[in-house]
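According to TrEMBL, the protein has these features:
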- CYS20: [2Fe-2S] cluster 1 binding site (BINDING)
- CYS60, CYS63, CYS95, CYS97: [2Fe-2S] cluster 2 binding site (BINDING)
- 177-362: domain 'FAD-binding PCMH-type' (DOMAIN)
- 205-212, 295-299, ASP308, LEU352, ARG370: FAD binding site (BINDING)
- GLN715, PHE746, ARG850, GLY1017: Mo-molybdopterin binding site (BINDING)
- PHE852: substrate binding site (BINDING)
- GLU1199: active site, proton acceptor (ACT_SITE)
Amino acid sequence: MISTYEPASKKIRHYSANACLLPICSLYGAAVTTVEGVGSTKTRVHPVQERLAKCHGSQCGFCTPGMVMSIYTLLRNHPEPTSEQMIAALAGNLCRCTGYRPILDACKTFCKESICCQRKTNEKCCLDQEDDLFDKEEKVGLFSTDEFQPLDPTQELIFPPELMRMAENQPKRTLSFHGERMTWISPVSLDELLDLKASYPKAPLLVGNTSVGPEMKFRGVFHPIVIAPARIPDLNVVKCLDDGLTLGAACSLSVVKDILTNAVVEFPEEKTKVFSAVLQQLRTLAGEQIRNMASLGGNIVSRKSTSDLNPILAASNCMLNLASRGRKRQIPLRDIFADGVGNNTITPEEILVSVHIPYSRKGEYVSAFRQAPRRENALPVTNAGMRVLFEEGTDTIKDLSIFYGGAVSTTVCAKQTCRTLIGRHWNKQMLDEACRLVLKEIALPGSDSGEKVDYKKTLIVSFFYRFFLEVSQSLKTMDPCHYPGIPMEYRSVLQDFKTKMPQSIQIYQAKPSQSPQDPVGRPVMHQSGIKHATGEAVYVDDLPSVDGELFLAVVTSSRAHAKIVSIDTSEALKGPGVFDIITAHDVPATNEFYYSDDPEIIFARNKVICVGQIVCAVVADSDDHAKQAAAKVKIEYEVLEPVILTIEAIQHNSFFEPKRKLEQGNVDRAFETVDNIIEGEIHIGGQEHFYIETQSVLVVPKGEDKEMDVYVSTQHPAIIQEMVAASLGVPANRIMCHVKRVGGAFGGKLLKAALALYRAVRLILSRGDDMLITGGRHPFIGKYKVGFMKDGRIRAVDAKYYINGGCTPDESVLVAEVSLLKMDNAYKIPNLRCRAYACKTNLPSNTAFRGFGFPQSALVTETWITGVADKVGLSPEKIREINMYKENEQTHFKQKLDPQNLIRCWNECMEKSAYYSRKTAVNEFNKQNYWKKKGIAIVPMKFPFGLGTRYLSQAAALVHIYTDGSVLLTHGGIEMGQGIHTKMIQVASRELNIPMSCIHFCETSTTTVPNACASVGSAGTDVNGMAVKDACQTLMKRLQPIINKNPKGTWNDWIKEAFEQSVSLSATGYFRGYNENMDWEKGEGQPFTYFLYGAACSEVEINCLTGDHKNIRTDIVMDIGCSINPAVDIGQIEGAFVQGIGLYTMEELKYSPEGVLYTRGPDQYKIPAVCDIPEQFSVSLLSSSQNPYAIYASKGIGEAGLFLGCSVFFALRDAVTRVRNERGLKKTFALNSPLTAEQIRASCTDDFTEMVIGRWRGGSV
């Protein structure tokens, strides 16, 4: 939080900002508060920190300090915020673990109004509806608000008085700061600024650093001199004139938003139409942190095509006030876009001083539109600003202006179109002509990353149509006699989707009969929750620097398949602070690891097999020096053929062996006897793990016997130990691997080799490098042929899965196997043949990711289920019910299965979601709305638990009791947000019968528990819990005789006595693993130990003109046995579900034809944000479910929930189907994943999409 003091108004302003964008020089005279300053466990924990932790709003904890600061800043400005303000404050924060619900629960405790749906359905608030789950359930909360300390604004930190005195007493003077390579100059008067600009015409003016900063960081743009004009009064003016408002160019977008909001309230509506349209764009432009820094002038002058403001400002005839030495002039804003990209009418020595935004007039209508990959905090695909002025009292166009952004490289004006339409009436003929003209005039470049071109063109005409509807409706309001307005069923499309504070319910079974001291089954807060919220939790990059520490930067391949001709390091080695450059030749021992036929490689040797493969690494005395030098390494390549990126692997016969197949029944005969057959295929895109903490490692040599400490963010310390030892040629007993906690992993932190020199070295990958180098979830193509009877019974399935493994084997064959074993999802298929092929391609090696093949193959299954439903004319849920496992049966690999809880989850989800009554309501809504449609879907799930072979699920624990009675616990599991340490302490607390506060967990380390298996496959709690229990029981057995002698004694008495009797107070615990096996030759086995079940019902609403959608409601019922910690488990279900929404509807990886990843950071790759979670979100744990195979009858739950995200995918499919049916489009259609706005828009075929494809039918629109 940045706080500044304005001596003139005597006001203090607090605002949140992104630390990574904030130049330290811009903070002169400001007070900075970080999460550590808000509160700490050493002083006092602030209410924001306490509530976030106690409401279970942190899992891995890496994003928590950012959440704390956003909420804290809001509360400093508004101690009793509205829920809208709260939601807006978090729009710029991302979390990959929680699914946001628990974070918002914490936020709600600060909001002043009661949280109700604020929506009158059938004239009733949702809280009054009897049939609704959101009313009648008896709730057992996951947290109790009684124990929260109150928020007391008088206790906050004051603004430092010395800064106040400095601001009031010191005359403002020019500041200059000189760094190693650049100079920062901050003038105080306009004249001085103009002199500087004349002397340094190339120097950029920097206010918020939101444009210059990213260019310097990501594009390597270098500016030796930067001018910062933010302190100049002329650039911060706010003037109210007769014809409009004049705002200084250095005003931040947040300030502009506040000024316009007040103006809209203050002036008559007729005058404020431009202000309202600009506000419409400001609400969703970036997040609050960016708007607090970004300036109005910067947004205009950078002339970026993605600016949401420029089209509307240009269309509204805004004026720019420019100044240069001895000259001032005013030009229309539209002029800087007049001749497209090349010509910028502002000269290099001119400065934009202020912007004039005019009032609107009578008979003038102004609107702004945008569509982005995510509704908030995302750059637009296309946006627009439109304005029309009519001859007084008529609908004859007197003036028209239409501007588009996002279409080409800067904002463009459809000026021919506007000129042609002047004098026309505002009617259908005008609309027809306008659409044709605008499509002809705005030419889009073809190469714009493939498909988007048609989408952008469709949006260009859809936006104009939407403007046409808005204006027609306004004309009717003005004069209902003359103007018919628009049909009722069109009106809903005039309202954009808004983000509301979600309502949520969590239902679990409390255990009243249990002893109050026994924590198992209770919603215990995450052990590190408070430390996450205060910023005291230590991650790899928080470890203090070691004496003589060096930094590593990697140099990666820029070719997908090529021979390395030469590596020229001469320039790089001359760089300041460069210590050495390491290549494959410098690895002392092993550089290639053979876990199968193809090796996993540390440094490329002789050839590269994907873009992003590590070729060499630069070691230097600082991160910056290392990165600067890495950019200077020159690698010469000779391109090799073929470059295989996707399914063309089949033609080149490029696969990882073995190929797998499962078969049961007689498939070919069954196809001969069925009534009907459908065939199809579905493409499922990959997914980036996007853990918030990137891959990180710190290696510290101990100085003797080649010993080395490795602090690493990994799910599998034992393999890191093994690889480091092998690459250095030392035995594993010299390498100590330590993991305190991991800031998110999801399967993405398994096989990443660490590097080692005999000096301390730190490597923290930047987000861009992390996304480029590491693979993610496997992209998937499913081909299917399904035979079924008229009544919907499925008799035969023949399926083939092609998974994109990337360039090395990694886990790809295993993922292929799991996708086959779990492909049946919840359905009994009597005759089945399925095959899986792991394709070897020139992409970074794809790897484990939460769900491990199941989210892909089960989506293929659910796709043909809906295909069958369409064909038979039954609803998808009927087909699901007919084919669901019903009684004790066998799976397709001959493992026994009791589906009783599957059916219970399905029925309970049906009931809790009020599925049928809501389906009727959806039908009703769809009859009354043409351009907006709702869809609803319910999907069952069977998720088999197991790792396939016994040795992969073995686990060990070590428990020490000290003579003061305190207990130190360690085990082989890794804490990555799933609360494993918290659960292990709960287990130990129950077994030793002592409070959790007596038990401490320090870290996971190869020195205490050797050869631990990776924390994967939802199995961490299952297997480590058994080991901890075993160790505790061993200790209790030793203590029993002492307890029997002195039953009234305390724990401490017994421990003291045990020590005096020489009873060992340390024990290891061990679990051999689950007895699992699979024989692929026979196609049968027991690869799994038990099954989890679940069902999810989701309802969505789509906007047919843009393809945008809103998640209205989701109800999940999950069978997870007896939960050890319902707060953690429900958090896991919700987090996985929201990650699933990302996989199936939003997250899109894009590559160039040469195999270069385009989507390398949060600006191009969109994970779900607060605006994407369902407005009503309920999770129920199935009651009285037992699981005899796992610790305390619980079930491993980390992954299962992710697949349920596809209920949103199928609800969207339902909505699109309804659109197509209404429009008489009977042709079957295929939807791929992710089902983005672009696909939704293309599937809602109408005159606009036809026009774009060039088959303009004319007629009614």
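The backbone N, Cα and C atoms fix where each Cβ goes, and this holds for glycine too.
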Of the binding-site residues listed as CYS63, ASN209, SER211, the one whose CA lies nearest the CA of PHE746 (Mo-molybdopterin binding site):
CYS63
Neighbourhood of CYS63 ([2Fe-2S] cluster 2 binding site), C-beta criterion under 8 angstroms, separation at least six:
ASN93, LEU94, CYS95, ARG96, CYS97, ILE692
Which residue, of the binding-site residues SER211, GLN715, has its CB surrounded by the fewest other CB atoms within 10 A?
SER211
Just to confirm my parser: what is the rounded mean pLDDT across the domain 'FAD-binding PCMH-type' (177-362)?
94
Pull out the recorded positions from the set CYS20, CYS60, PHE852, GLU1199 whose C-alpha sits within 10 Å of the C-alpha of GLY1017 (Mo-molybdopterin binding site).
PHE852, GLU1199
Per residue, counting other C-beta atoms within 10 angstroms of the C-beta, which of the binding-site residues CYS97, LEU205, VAL207, LEU352 reaches the highest number?
CYS97
Can you figure out which of SER211, GLY297, ASN299, PHE852, GLU1199 (the recorded positions) comes closest in space to CYS60 ([2Fe-2S] cluster 2 binding site), comparing Cα atoms?
GLU1199
Could you tell me which of these binding-site residues, ASN209, SER295, ASN299, has the greatest number of Cβ atoms within 10 Å of its own Cβ?
SER295
SER211 (FAD binding site): which of the recorded positions CYS20, GLN715, GLU1199 is the nearest Cα neighbour?
CYS20
PHE746 (Mo-molybdopterin binding site) has how many other Cβ neighbours within 10 Å of its own Cβ?
29
All-chain count of other Cβ atoms within 10 Å of CYS60 ([2Fe-2S] cluster 2 binding site):
30
Minimum Cβ neighbour count within 10 Å among the binding-site residues CYS20, CYS95: which residue?
CYS20
Compared by Cα position, which of the recorded positions CYS20, LEU205, SER295, GLU1199 is the closest one to ARG850 (Mo-molybdopterin binding site)?
GLU1199
Take the Cβ of ARG850 (Mo-molybdopterin binding site) and count every other Cβ within 10 Å, whichever protein chain it belongs to.
27
Just to be sure I understand: of CYS20, LEU205, VAL207, ASN299, GLU1199, which recorded positions have a C-alpha no more than 10 angstroms from the C-alpha of the residue listed as 'substrate binding site'?
GLU1199
Over all shown protein chains, what is the count of other CB atoms within 10 A of the CB belonging to GLY1017 (Mo-molybdopterin binding site)?
24
Tell me which of the binding-site residues CYS20, GLY297, LEU352 ends up closest to the residue listed as 'active site, proton acceptor' in space, Cα to Cα.
CYS20
Are there any residues in the same chain, six or more apart in sequence, whose C-beta is under 8 angstroms from the C-beta of GLY297 (FAD binding site), and if so which?
LEU205, VAL207, LEU235, GLY248, ALA249, ALA250, CYS251, LEU352, VAL355
Given the Mo-molybdopterin binding site residues GLN715, PHE746, ARG850, GLY1017 in the record, what is the largest Cα to Cα distance, rounded to whole Å?
13
